[in-house]
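Shown next, in structure tokens, is the structure this report addresses.
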There are 2 protein chains.
Amino acid sequence: MNIAVAQSGGPTAAINSSLCGVFDEAEKYNEIDRIYGSLNGIEGILNDNLIDLKEVLITENDKQLLKRTPSTVLGSCRFKLKNSSDDDSDYKRITQNFAKHNIKAFFYIGGNDSMDTVMKLDAYFRENHIDIKVVGVPKTIDNDLPLTDHTPGFGSAAKYVATTLQEIIRDSRVYSIPSVTIVEIMGRDAGWLTASSCVLRANGEPAPHLIYLPESDFSEEHYLEDVKRISERYKAVIVAVSEGIDCLASRSEATDAFGHKYLSGVGKYLEELTRDHIGCKVRSIELNVMQRCGSHIASLTDLDEAWRIGAAAVNEALKYGGSGVMMGFRRISNNPYRVGIAPLDVRECANKAKYFPKEWITPEGNNVTIDALNYFLPLIQGEPKIDYLNGIPVHFRLDQ
Amino acid sequence: MNIAVAQSGGPTAAINSSLCGVFDEAEKYNEIDRIYGSLNGIEGILNDNLIDLKEVLITENDKQLLKRTPSTVLGSCRFKLKNSSDDDSDYKRITQNFAKHNIKAFFYIGGNDSMDTVMKLDAYFRENHIDIKVVGVPKTIDNDLPLTDHTPGFGSAAKYVATTLQEIIRDSRVYSIPSVTIVEIMGRDAGWLTASSCVLRANGEPAPHLIYLPESDFSEEHYLEDVKRISERYKAVIVAVSEGIDCLASRSEATDAFGHKYLSGVGKYLEELTRDHIGCKVRSIELNVMQRCGSHIASLTDLDEAWRIGAAAVNEALKYGGSGVMMGFRRISNNPYRVGIAPLDVRECANKAKYFPKEWITPEGNNVTIDALNYFLPLIQGEPKIDYLNGIPVHFRLDQ
């Protein structure tokens, strides 16, 4: 028998480590012959676009490099399966291609949308008495998948954000004049990554002084009051803000005074608001895609866990016969930090989001509590050994 | 006798290493009692705002941390001395404060503007027979100081750009649809840092496929042709562009079709141009201040050289009696990479810029040659050992 694995959704620094986990664990099973990688997620299954991973991951070094390479080496997709009751043509093609290659288990590494695919495929196979296991492996820098304590990819993104934010803080403090620096962090619906910027407190850093999340109500008036109050104490005010806070800039229908659509993000919007009302030196910074692919400053804890959860998915399907599940983390303790891995019913995970807890947001809605800090801190620990060639981190590449 | 050191201009990852070089070397001189740090550049001398560096840099660990901490620990300024013939009041205050603290040598770590201060102060002291040595220590991520082979801070910025760009390249390639990613890199007048993105070629990476510098003529028409041609071969086109290329967005008087001033940068401008004329998925990314303060991915060569040139400045003033000079690098060989340090007449350096050589730009004006690669590569070699606490790099901090 053979198995297949695919990656989907937005890139992270840990998604290739999960792929390695699937690969390494599958190699231990004598009954598994080929380990297929599906190119561009489920599209690769639909289009019969598979590669034999044993032909590309040959040496131990290949795998070590791949673990430390950001983004999806197999490519990704944003493909949503139709309901099979409406149109089962894609399901039939998938089934045919799985049969053609004798694929008996499929591992899908992805976020909310990918878990929808896992759920639908598993349901279709069950209904039609097709014995193919489908197991989801979570990943998302948004950390917004339900039931799991956290998601692979998040810890590395949080470590990138903390490291970079600390450097921005140093940068912002050099001049003697007052300033406000607004750092826009990814998270359209869930504020986990923005909230994680609080970890700098563990090292005695008071910034970011203000943290705004989509989960709390945002008001321009309170924001400006907050900034004014903080600037009385700190020369260089640092604001961490989720791209998804509810304001003019995040509403797609919003237009400016001239009737033009807002093209810039929340950071730029707050920059202009601050400049107009406070008038000091203001800068906004978007961490952009760098925060999701910053492998050179990845969290070793995250990469290791990503590998482990990929490996656990293989055991779930092959050893325990599990299907229609997403593997998840359960936090056993914070000190020492320990997590267990267990299968979760994918129907409870797909198309649902886990928001940052309201009780971890301060009453003023402009910062997070110590509980948040304690939750985040274990996830960013440890640094992988990076191989450099010519002074540049070495990435594993399949093609150009 | 005492000495003073100050930092000026925009932050870099190496400017604190030069400060350590000055400090460490000065400590070896028995005749030097106090080593003053002037807060916010020359403003600290004017306002008598000095700290005794021996009281804050106490342990070897303090100095090791400071070397690896980005930005200017003493703060910075953008202060330009008037000509003493027009108004010598600031010169008198500086002289008084130097006399008050028995400061006999002043080391100014900075870029073009700071060298102007070195030049003017030295000239004033000579004219007035005041025996105070003034020595400039170069720093700028722009690499645009004349006569020196390169400047401290540049190598680390280049390493940050290469590392980050490579991660952006990985990120850009995940989807099956064609895309163009435009990365805007600092350099208002000189394209050195943008050009340095060519180092990825040393590791077989064909991207960035297009590199546009302020030193070559930019035309929208050629740009669009370039992108179209590259996109026939590469699914994910990567463009590296200097913030200072000559286009509508970089001209401060430019307005859009509605008569509004352009507020966004060159990257955003090219993004819209590309979307309007090519129509594929387009993203623009600004590396913003992160590229100048990315200590966690600093070049060890850069940090070591920054230390050495700071130390050499002390010897120049104390051992050789030099003044009115900027210390500079002379490249002895590329393979093995060797540089010497020598004093340069600051009058030849101040208020002048060194542009990226025209002969290192390809005839099409959209890339750089192998000579550029050979020049850049030695500057990004080596990685400093970073101390982590709670998963976050440890910075040396003077205050909050």
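Keep in mind that glycine also has a Cβ here, set from the backbone N, Cα and C atoms.
Curation plays no part in TrEMBL annotations; they are all automatic predictions.
Positions annotated as diphosphate binding site by TrEMBL: B:G10. Around the Cβ of B:G10 (diphosphate binding site), the number of neighbouring Cβ atoms within 10 Å comes to 24.
Listed in sequence order, the residues of the same chain lying 6 or more apart from B:N112 (Mg(2+) binding site) and placing their CB within less than 8 Å of its CB are B:G9, B:T140, B:D144, B:L145, B:C349, B:A350, B:N351, B:K352, B:A353. As annotated by TrEMBL, Mg(2+) binding site applies to B:N112.
Taken from TrEMBL, the feature substrate binding site covers B:T140, B:I141, B:D142, B:M186, B:G187, B:R188, B:E243. The Cβ of B:M186 (substrate binding site) lies under 8 Å from the Cβ of B:I141, B:D142, B:A157, B:L193, B:S242, B:E243, B:L287, B:Q291, B:R292, each on the same chain and at least six residues away in sequence. Classification of B:M186 (substrate binding site) by DSSP places it in coil, neither helical nor stranded.
Under the heading domain 'Phosphofructokinase', TrEMBL lists B:2-315.
Under DSSP, B:D113 (site 'Important for catalytic activity and substrate specificity') is assigned to a helix (H, G or I) in the three-state scheme. For B:D113 (site 'Important for catalytic activity and substrate specificity'), the Cβ neighbour count at a 10 Å cut-off comes to 20, with all displayed protein chains included. Taken from TrEMBL, the feature site 'Important for catalytic activity and substrate specificity' applies to B:D113.
Annotation source TrEMBL lists site 'Important for catalytic activity' at B:K139. In the structure as shown, the Cβ atom of B:K139 (site 'Important for catalytic activity') sits within 10 Å of 32 other Cβ atoms.
Taking Cβ-Cβ distances under 8 Å and a sequence separation of 6 or more, the neighbours of B:R188 (substrate binding site) in its chain are B:D142, B:P214, B:S242, B:E243, B:G244. Under the three-state DSSP scheme, B:T140 (substrate binding site) falls in the coil class. A distance of 9 Å separates the Cα atom of B:K139 (site 'Important for catalytic activity') from that of B:G10 (diphosphate binding site). Within its own chain, B:G187 (substrate binding site) has B:D142, B:D144, B:L193, B:T194, B:L213, B:P214, B:S242, B:E243, B:G244 as residues 6 or more apart in sequence whose C-beta sits under 8 angstroms from its own. Using a 10 Å Cβ-Cβ cutoff, B:T140 (substrate binding site) registers 27 neighbours. Largest Cα to Cα distance within the recorded substrate binders B:T140, B:I141, B:D142, B:M186, B:G187, B:R188, B:E243: about 16 Å as a whole number. If you draw a 10 Å sphere around the CB of B:I141 (substrate binding site), it holds 32 other CB atoms from the protein chains shown. Those residues of the chain, other than B:T140, B:I141, B:D142, B:M186, B:G187, B:R188, B:E243, with a C-beta within 8 angstroms of the mean position of the substrate site C-beta atoms are B:D144, B:I185, B:D189, B:A190, B:W192, B:L193, B:S242, B:G244.
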